[in-house]
Amino acid sequence: MKQYLDLMRHVREHGTFKSDRTGTGTYSVFGHQMRFDLAAGFPLVTTKKCHLKSIVHELLWFLKGSTNIAYLKEHGVSIWDEWADENGDLGPVYGYQWRSWPAPDGRHIDQIANLMAMLKKNPDSRRLIVSAWNPALIDEMALPPCHALFQFYVADGKLSCQLYQRSADIFLGVPFNIASYALLTLMVAQVAGLQPGEFIWTGGDCHLYANHLEQADLQLTREPLPLPSMKLNPEVKDLFDFRFEDFELVGYEAHPHIKAPVAV
């Protein structure tokens, strides 16, 4: 994951100080891209230990179309707690937009189901896109989508995915986002009968929070370790049938976890 450390180092050396919504302050650059060959290993950061359980359950929760944290709480995942209301609701966030985008005529569009159907019918389509950024509903969301839009691409029997992340919390958020969309790419590839290709991460406002600088500097002193591999249950043939038990991370070795505060 040298690409990730290179981004962190670039922001430390060239980032502009900016105020932000949380009042914490950030050091920021605009526009950055990282590419990960999924055949070379699963892109889970090794310079600090990452909590894969949270990554997997969050992705499954998105795919369910859920916007209440009850499922996450049931499985010991607390990453959305700070934004939920007293009933555990978050408003029309990722899962709702992915699975039930409201159309003007009253219909609800299942973008994920449409994507899977299009992949099988016309894998060369340039419309293999899912968007979570719905301007009409931004004000109703507890947190507007940071990872806003992703697109799939098929070539030579391989499936690649590119994510556009408008707001990228480099220390805490980005390692989760890379692993989450890499995992989604593996899942979609298996169901569609394709091999995994690349995951391409494109960031807009790429920032380190001012209270993450010491942690980032510590991480930059560490040497990346070999990437692990991710095994999926080959019996799963429908994207919505995946369960937590269908994933096995093999050979993950990482440096110790580095704690940092979440900016809410």
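The chain as shown is numbered from 1 upward.
Heads up, the Cβ atoms here are built off N, Cα and C, so glycines get one too.
Summary of the site annotation: Swiss-Prot records (6R)-5,10-methylene-5,6,7,8-tetrahydrofolate binding at His51, Ala263. Screening the candidates Asp139, Asp169 against this entry identifies Asp169 as the one listed for that site. Rounded to a whole number, the distance between the Cα atoms of Ala263 ((6R)-5,10-methylene-5,6,7,8-tetrahydrofolate binding site) and Asp169 (dUMP binding site) is 9 Å.
Note: the Cα of Arg127 (dUMP binding site) and the Cα of Cys146 (active site, nucleophile) are spaced 21 Å from each other. Cα-Cα distances to His51 ((6R)-5,10-methylene-5,6,7,8-tetrahydrofolate binding site) place none of the recorded positions Arg21, Cys146, Ser167, His207, Tyr209 within 10 Å.
Measuring Cα to Cα from Cys146 (active site, nucleophile), the binding-site residues that fall within 10 Å are Ser167, out of Ser167, His207, Ala263.
Of all Cβ atoms in the protein chains displayed, 29 besides its own lie within 10 Å of the Cβ of His207 (dUMP binding site).
Within 10 Å of the Cβ of Arg127 (dUMP binding site) there are 10 other Cβ atoms, across all protein chains.
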